[in-house]
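According to TrEMBL, the protein carries these features:
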type: REGION; residues: 1-21; note: region 'Disordered'
type: COMPBIAS; residues: 9-21; note: compositional bias 'Low complexity'
type: DOMAIN; residues: 22-101; note: domain 'GST N-terminal'
type: DOMAIN; residues: 108-242; note: domain 'GST C-terminal'
């Protein structure tokens, strides 16, 4: 299912959910990299699902019902039971559908632990670092860029000399769990570079990360999920204007804010 900006439907999310015969339903947002994680995982596992686009400035009763604690997307409903939070959903899909058609996590317990560690690093450190770049200007932005690059150097070192060294993707020859987590969000970096007028990923300084990201973005399954550069660019320009103008908003998409446009989904900036 292609993740593009959804046109408003005459059927409400609650009505669509109640009328659907699918055993899998995904509540998401078109620009959310966290939603893209789940869409990509479902596609790689060749699973059929109903997608329900949420207006995060006016959240549907169905979303609030299925995620009353955090009230965010993505939420996957499987056989009538909701699973929130993108990382939890990815784990669920791998355990519930282990052979559709392949597992996302590595088979080795050590490799699985490494993939989980770097997934949490992505959400806990790398994402907030790039968010700080996008939401700042002047000297504060210069400092934020330095912080982001220092975090990215850790990823580059792991790709060069760590457990993932020598592999095309983090999971080997095919996209897997960590590729999904880090890749669905890293495509924002080029957008942020243009909008914020900074250089974040230099191919000379980060050759392995740069090559991995280009390869990830060229996969057919990824192309089918990620919105176009121009769509993301327009969204990011509106978001940055709000952030620099001091606009606030309501938490959304695994984290962030809504203020006219959906804010906060800057790469992997939410959990």
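Backbone N, Cα and C define each Cβ position, glycine as well.
Averaged over the domain 'GST C-terminal' (108-242), the predicted model reaches a pLDDT of 97. For the domain 'GST N-terminal' (22-101), residue counts in helix, strand and coil come to 29 helix, 17 strand, 34 coil, using DSSP. Across the domain 'GST C-terminal' (108-242), DSSP assigns 98 helix, 2 strand, 35 coil.
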